[in-house]
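> Have a look at this one before I ask anything.
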Amino acid sequence: MVPGTGGGRDCLTLVVATALTQLLWLPGCCGSHIVGGHEVKPHARPYMASVNFEGHHHCGGFLFHAHWVLSAAHCFSDRDPSTGLVVLGAHALLTPEPTQQVFGIAAVVSHPDFEPTTQANDICLLRLNGSAVLGPAVRLLRLPRRGAKPPVAGTRCRVSGWGSVSDFEEPPPGLMEVEVRILDLSVCNSSWQGQLSPAMLCTHSGDRRRRGFCSADSGGPLVCGNRAHGLVSFSGLWCGDPKTPDVYTQVSAFVSWIWDVVRASPTPGSMGCSLRAV
């Protein structure tokens, strides 16, 4: 705006816009992306799952059992699971691939103590309406062992996703990934003004560069030592900003609950999968 023009109306607009930019991105919102990462080799992360609504990628997740995907509970806060699909074996979501397996969602089991306002216990299980066919492009990712402690500060981990690769919602060419480091939870909690719970994990870039995730990558795994130690939960306004470190659900805190849910649930039939043709 040119100085001296527009009057009070433009001034008010500027004030409102400035105030809005101070808000956090809500998890699952648009315009989010892996920051400072790179495209992985096709199917190098065969455990990755895309949760899809109305033909569009909505959240991530990962396959830990032939019938089950782990994701973030907030991804389903305002969604009807019966209208969603889970895509396995994908690299480029916008391109038909013979490796892709597509399932309906038979059930969503969110943690009973999930708190949407604080994102505490932000974890859910998706029961597929069929059994994944395991192979080179579709494989399981291991959970932490029961009673395992979270990775120590400084541990190098990786996080993957299909979120957009620019602030203009540009879709990625394929699955993106970035390397991050575990940040001490007490240090992270100070940055978040004491809002975090003990069952969370934080990461940062380890240097001054912006690296990390944004909310369209929600539900995707934080992989440390070939096990899923975190689930993407929330971040600040500026993705990868060290002032507001990326926050994950700490998977090791929920391993017993996860397997209790799996054991208590019926096994679906094996005919729910459709293989995408070229």
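Glycine too: its Cβ is placed from the backbone N, Cα and C atoms.
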> Using the record from Swiss-Prot, pick out the residue from Cys59, Cys75, Cys224, Cys239 that is joined to Cys157 by a disulfide.
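Answer per Swiss-Prot: Cys224.
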> Based on the annotations in Swiss-Prot, which residue of Asn129, Asn189 is described as N-linked glycosylation site?
Asn129
> Rank aside, I only need the closest one: which of the recorded positions Asp122, Asn129, Cys188, Cys224 has its C-alpha nearest to that of His74 (active site, charge relay system)?
Asp122
> Quick one: pull the CA-CA distance for Ser218 (active site, charge relay system) versus Cys188 (disulfide bond), whole Å only.
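Ser218 (active site, charge relay system) and Cys188 (disulfide bond) have their Cα atoms 19 Å apart.
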> Spatial neighbours of Asp122 (active site, charge relay system) among the recorded positions Cys59, Asn129, Cys157, Cys188, Cys202, Cys224, defined as Cα within 10 A: which are they?
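Checking each Cα against Asp122 (active site, charge relay system), there are no hits.
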> To the nearest whole angstrom, state the Cα distance for the pair Cys188 (disulfide bond) and Cys157 (disulfide bond).
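Answer for this pair: 17 Å between alpha carbons.
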